[in-house]
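Trainee: Structure in structure tokens, see below.
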């Protein structure tokens, strides 16, 4: 069983497939009807109007209707497009078991526990006949697919066949006649001779639950509570029992003939579905569920699909695979169909039967050929199937048999579900049990055995002598000759492998995904599909064409995909020739489908930068649509999209995106909306096109921005006019701003005075030396004169002089973009118009008119699109004067404006920081480049470091230390410059050295000396800080030679010993109340690898502590070790000898310590306990401190950086290590 879809719900009592769409209706015991899309696996709708269980449901075969019948005695007819019940048919007096539409007439048949079957006309909404005769519940009733018959099954142990022919004859009567006939019926249901019993089939010992007609033959199958299926045959006069099928162990709930195959499917309350051979009348296969009883079956009217409802949901399934086995060789196709091997030529589209292939002897399903492999030179075919748990058959086709097809030959067989040709006369067979491949010759003899590198479950062809081996989570290419893995790719499970014609690319097809990789299995792209992927093939351009259940689609080399066309039925692509797709359908028929490849060829040409193709396709094809425009936009070709678009708004957006100011202006004029003018202004400002910015602000009457524009471009002639406009519009803030921009103090005083701000006006006049005005305002203010601050020197507030006055930004001369020249003449001529208008209408001035006439001013007259003032000519507006050019420069006449936007700016170079990171695997250099993320990843991979908080400041120091900054001028941003290590003036300007680094090895040596000194003087906290600082800096050190690398590694070992020892000593000092632990820590300190002077101090300290605690045996050990160091201080040696004398009289310890100096040990960096030789331990990947096993995964407490036990590749601190 191949399960296609499964639902979880209440008990399913009724099922119905839609004849055309991938839908199934399920009616539940809870009273809900669900509509599912089994292809997408989604619930489309639910209908909830019945009261109690709904036992029967059925789709109409052509109308958007379905009918349902439930335990509320109601039959409801629903329209699924309107999502509602259209009407309810009432008449039954008990539960309704099944309902069904007639395939032609407007009828519904229903079966009920009231012992009757009713026929209804759903158009007139009346009951047209009541079939009585059963004397127990009628469990099901259904129409014959072709004849005028109804079959019913009842718990009275009979199956009845009813002739409804008389009703057919009356069908021409009107609905009114239906009603009249009903009124003439007897009230006891025994009226009406429209439908009569034709046969009563008796034979079951218990109640019959289901009966069904054969779709074409005069057969009936029934299933009953006696656990048996019975097969009945009928003719015109009688019906009789043919056979009984036994096997179910509980009541049989439903049974039916398969629509396409010669089989019977039944299900039962014994929790099984059984498949039976209808001709041999034997069981073929059984599918069981653990806990759920089955209640209902449905068969798809067109497709090879079945559905079964059970206690907790339903399943949609297929009994057999429908994909034909095929192999393509050059211009021909070999495929298996109906027990024959067939041959098809693509150029002539001629089909031939070659040889007969054996029919499987076993009776189970899914025994048809699964894969097929062909060797063209030997004319040999390998066919693999699931017979006997997986086996292959080898046929050699005689040359003369092509075209005859009557040739029968005995195949050479062998076990192995996966077999393919790997050379001209050699084929490989997978032996899963030993995970090896057997290479055989055409006599089926083993020539060679080869073990496989991964646990393989299938093998595929990968070129001569190579295999593609599939495991659960990856795939490898394996060379059988050299026994080498040529490529490996991590991938989910896939089913099919499709190689391109040159074997350069491979597509791996799984149920919902396509992975495309190179011939060495380097991943190129992945695609995910919600609908199952069925097949695929490569076209001549390297585009992968594939099919899902419902579409033919394409996938470009960069992973872009799209739909070519929709499909009514699934197909399996065999070959793609130009724009013809050759394929096999599920019946094994060859088809040729012609497709329109324009869209994907266009996208491919863009991708491969074949712009000449793109140009010709734009000129000659009907490529358009929002999707194509969006694609061009997304891929960074808005200028190409511009030439497809007629809609002004879309043209405007694309023109802005591609920086084409001319077309944007033309579109903005057409649209003429404030928002579009504003956006045009923003883009023109970005391009430094002051004339158009001015024009856009004028059109939107955006006076504030206009004033500021004049200020920054130094257009001081127009600023006074803006001041006038602000006056006319009574815009006081506007006036004040313009006065500020102009540096006009008198005007500012006047504005403040008019606005009633006399104190502000007085101060402004006073500090700017306008004493006459100040005195006049003071007189008005009287006693309220504000005081001026003392000791402050006033200065005149004047706007700065702009760096660039007036005109537009200068433009670079660069080559025209590939699309510009070719496409310009295709535009709608709007650009030309715009250029002609440019002088007259665009950079126009604000012509000031006499403002007396304006009351509360509408300023439209000021900004009227009108005549150009005389002064405009002098001013030069757009600077379009003639250039004095040398005679040979015959420039094209397409463009005259200086700011024509059809030129493309040169591309940016690669940033230095990017060059640094590309060249280096050293974390310090990545940090210096500002690429902290990769620096952290490198440190994590090399040293297992995960705590980067302590390194943050160093990262920032490295970054700022490797860059310097220049200020150009006030309005330009600061320029960042990279500082390189070892730079000199003779270096090539194009080659980049590594970054200059802040930290170096000599600094560490200085710190180490300072750490030693602090240790000697007993400043343990300071010493620990210095040593930790060294440990934290080392990962970010870069040295040049291998010798220095060894020195850095030695530094780590020295420093970590000190950090560990000092941590223990500091902890000892805090433990005043635990003398035993104090002694242990002092003892462990003496086992750290310290410099001799520090070791003497540690030994003296431990000796004193143990002596005071009367642990004489341990104290004598420390005294002996102290004397072995030959102490330079006589007093120290004398003290040690005295301790030895005292302790040797009494070599005992008062308290037992966790310390055995005879047994070598290391100290755990976290718990400070000894780890004796032979005990398991774990280390820090960076500082190599040792820890007890319980510390695995914790942060190292010595270096505070790395995770204990993490995988790490080791310290990388020199380019010499990489070379």
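From the backbone N, Cα and C atoms, a Cβ is placed for every residue, glycine too.
Not my notes, these are from TrEMBL:
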- 47-88: repeat 'WD' (REPEAT)
- 89-130: repeat 'WD' (REPEAT)
- 131-164: repeat 'WD' (REPEAT)
- 201-242: repeat 'WD' (REPEAT)
- 245-286: repeat 'WD' (REPEAT)
- 341-585: domain 'COPA/B second beta-propeller' (DOMAIN)
- 626-769: domain 'COPA/B TPR' (DOMAIN)
- 816-1219: domain 'Coatomer alpha subunit C-terminal' (DOMAIN)
Trainee: Grab the same-chain neighbours of the repeat 'WD' (131-164) for me: Cβ-Cβ under 8 Å, and only residues 6 or more beyond its ends, written as numbers and ranges.
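Mentor: For the repeat 'WD' (131-164), the nonlocal Cβ contacts are 94-95, 97-98, 100, 102-103, 107, 109-113, 115-119, 189-190, 194-202, 204-213, 215-216, 220, 222, 224-225, 232, 234, 239.
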Trainee: In the domain 'COPA/B TPR' (626-769), how many residues does DSSP assign to helix, to strand and to coil?
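Mentor: Grouping H, G, I as helix and E, B as strand yields 109 helix, 0 strand, 35 coil.
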Trainee: Please give the sequence-distant neighbours of the repeat 'WD' (47-88): residues at least 6 beyond its ends with Cβ less than 8 Å from one of its Cβ atoms.
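Mentor: Sequence-remote neighbours of the repeat 'WD' (47-88) are 13-19, 23, 25-33, 35, 94-101, 103, 108, 110-112, 120, 122, 125, 301.
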Trainee: Average pLDDT across the repeat 'WD' (245-286)?
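Mentor: Mean pLDDT for the repeat 'WD' (245-286): 91.
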Trainee: What are the DSSP helix/strand/coil residue counts across the repeat 'WD' (201-242)?
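Mentor: Final tally across the stretch: 0 helix, 25 strand, 17 coil.
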Trainee: How many of the residues that make up the repeat 'WD' (47-88) does DSSP mark as helix, as strand and as coil?
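Mentor: Across the repeat 'WD' (47-88), the residues distribute as 0 helix, 24 strand, 18 coil.
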Trainee: Please spell out the DSSP helix, strand and coil residue counts for the repeat 'WD' (245-286).
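Mentor: Counting residues by DSSP class gives 0 helix, 25 strand, 17 coil.
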Trainee: What does the DSSP secondary structure composition of the repeat 'WD' (89-130) look like, as residue counts for helix, strand and coil?
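Mentor: Here the numbers are 0 helix, 25 strand, 17 coil.
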Trainee: Per DSSP, what is the residue tally for the repeat 'WD' (131-164) in helix, strand and coil?
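Mentor: Counts, helix then strand then coil: 0 helix, 20 strand, 14 coil.
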